[in-house]
Amino acid sequence: MYGRDPWGGPLEINAADSITDDDRSRNLQELDRSTHPRPLDATQQSWLLGPPMRKKKKYVDLGCILVSRKIFLWTLGTLLVTTFLAGSITMIVRHVPHHKHVKPQRDNYTLALNKTLLFFNAQKSGKLPKNNHVSWRGDSCMRDGKAREDYLHLDLIGGYYDAGDAIKFNFPMSYAMTMLSWSVIEYSAKYEAAGELDHVKELIKWGTDYFLNTFNSSADKITVMVSQVGSGDTRRGSVVHNDHYCWMRPEDIDYKRPVHTCYSRCSDLAAEMAAALASASIVFKDNRDYSKKLVHGAKTLYKYATAVKDSYNRPGNEFYKSSLFWDELLWGGAWLYYATGNITYLDHVTNHDMARRAGAFWGGPYYGVPSWDNKLPGAQLLLTRLRLFISPGYPYEDILSTFHNQTGVVMCSYLPYFKKFKRTKGGLIMLNHGDPQPLQYAANAAFLAALYSDYLDSSDTPGWYCGPHFYSTDVLRDFARSQIDYILGKNPRKMSYVVGFGHRYPKHVHHRGASIPKSVKKESCKGGWKWRDTKKNNPNTIVGAMVAGPDKHDGFHDLRSNYNYTEPTLAGNAGLVAALVALSGEKTLGAIDKNTMFSAVPPLTPSTPPPPAPWTP
């Protein structure tokens with residue numbers, strides 16, 4: 001029987017008689033070996049010798065700090081590997097061929113857009129902001145509306161001067177603001193890319209703020225509204241203190257300026273102002289309080305327009321005579337529908353009788369000629385937009401399809417394949433049939449053509465029919481480009497008709513503020529004639545102003561005294577701005593904003609058509 005030796009060897013008990021000599025000798029040798037020291041395991045060491053000695057760590061002396069040698073080597077190795085990898089990647093990227101992304105240069109349309117908006121800064125009336133960017137302009141006509149002797153005490157400071165004089169005409173001014181607002185709603189991304197979105201919105205607000213002061217915009221009903229500030233009627237001969245007789249800077253005007261009002265007519269003016277406020281309310285939809293104020297004013301004006309139903313063309317009104325008011329009612333009602341989503345306005349403008357009275361089925365020599373006086377082409381295109389993107393169906397489809405078809409007819413008439421409108425040898429379309437000041441009509445038509453092209457592209461429609469012939473949307477953009485290119489200098493005279501754009505442009509613009517040096521003393525009405533009649537260039541460059549333009553033979557005379565060649569207008573320049581932004585930028589930027597126009601329009605559920613008449617045998 002054996003016991004277990006706790007030190008590692010066997011112990012023999014009561015076995016002496018059973019072993020041989022050899023075994024005894026072998027056991028003695030083993031016992032002898034067991035007396036020698038032998039290594040102890042970790043447990044035994046812990047029992048007998050206490051805790052083992054820890055291995056001493058090695059450190060690296062970095063001068064100001066001791067760092068573990070192990071950590072130091074790991075950190076150094078990591079840095080070396082990271083540096084090697086970064087260098088390798090850099091070498092690979094440098095030597096692998098790749099395309100360079102160069103920021104695209106601004107196209108001519110964008111460059112011209114930056115300049116043309118400055119024209120509106122030069123036309124501002126009232127107390128100018130510090131950043132107006134027209135050094136030769138200052139505060140002017142700060143007493144407008146305050147010198148009236150009747151009960152109508154209105155603050156009429158502000159707004160825009162119409163052209164080369166200092167008169168404020170609400171009718172063309174409203175049209176100009178509507179066109180600017182329309183272009184912002186459709187092409188806000190392009191304005192932003194050009195760095196002009198905030199600028200153009202500030203210009204629109206300058207106009208709408210003034211309009212809100214020309215009638216009781218906080219009321220639900222109005223009986224009187226301002227149509228004009230200043231006088232230009234010289235039919236009775238030379239009149240002192242008349243804005244057409246006097247040739248003086250607006251800043252020097254100190255005489256009393258008459259205020260013209262409407263009491264029982266001016267449906268066209270009220271509807272046009274309603275269009276301006278309604279379209280602007282969409283532009284400023286993020287500013288809820290201001291947008292709401294604009295919508296309320298637009299509703300009040302339109303209520304007045306539909307109740308009065310009489311024309312702005314009255315005895316004594318020599319300028320901006322309106323030929324019809326039904327087109328303004330159609331135009332203003334369409335904008336109010338988009339601004340409010342109120343189906344009542346849509347019912348009103350899709351009434352067959354309304355369309356007939358507005359001239360939608362007439363034709364004639366001026367059919368399709370968009371201008372401050374003719375809103376029908378713009379109104380039809382505006383309502384065609386509704387059909388293309390929403391298609392409300394019955395009961396609106398019948399008249400909306402008519403507007404759509406008539407828009408196509410208008411676009412066909414712009415193309416060179418058709419002979420409704422003549423062209424100069426240089427390619428300018430004569431929408432006003434050879435009369436003076438043709439550029440404003442060409443610019444308006446270019447905007448409508450480019451916009452309709454974008455509408456068709458955005459609705460996945462490749463083109464439209466002119467009779468049996470099909471034309472792609474590119475044909476419309478080609479027409480728009482041809483007219484704007486002509487204005488910017490691609491014409492027989494190699495002259496840009498936009499002041500400050502290109503190397504050659506008019507230097508004798510028919511404009512009082514631009515023709516009189518800022519440094520001279522105040523001139524009297526007649527004393528300023530010497531600046532009108534001088535052959536010297538204007539001392540002040542009215543950057544961005546599109547002048548009236550050439551004659552029907554591409555001829556142009558740079559004469560300050562001949563306004564039919566050299567006078568710029570607010571309405572004409574608004575159409576140019578709209579056309580420029582429509583054509584500017586790359587197509588990848590996005591053509592139009594399809595949704596903002598419908599931001600206030602609720603979903604339309606088509607009405608159920610009436611049942612058929614009962615069958616009778």
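Heads up, the Cβ atoms here are built off N, Cα and C, so glycines get one too.
Going by TrEMBL, these are the annotated features:
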- His510: active site (ACT_SITE)
- Asp558: active site (ACT_SITE)
- Glu567: active site (ACT_SITE)
- 109-580: domain 'Glycoside hydrolase family 9' (DOMAIN)
- 71-93: transmembrane segment (TRANSMEM)
Give me the Cα-Cα distance between Glu567 (active site) and His510 (active site), rounded to a whole Å.
5
Please list residues from the chain of Asp558 (active site) whose Cβ is under 8 angstroms from its Cβ, counting only those at least six apart in sequence.
Pro506, Lys507, His508, Tyr565, Thr566
Among all protein chains shown, how many Cβ atoms are found within 10 Å of the Cβ of His510 (active site), not counting that one?
25
Counting across all protein chains shown, how many other Cβ atoms sit within 10 Å of the Cβ of Glu567 (active site)?
21
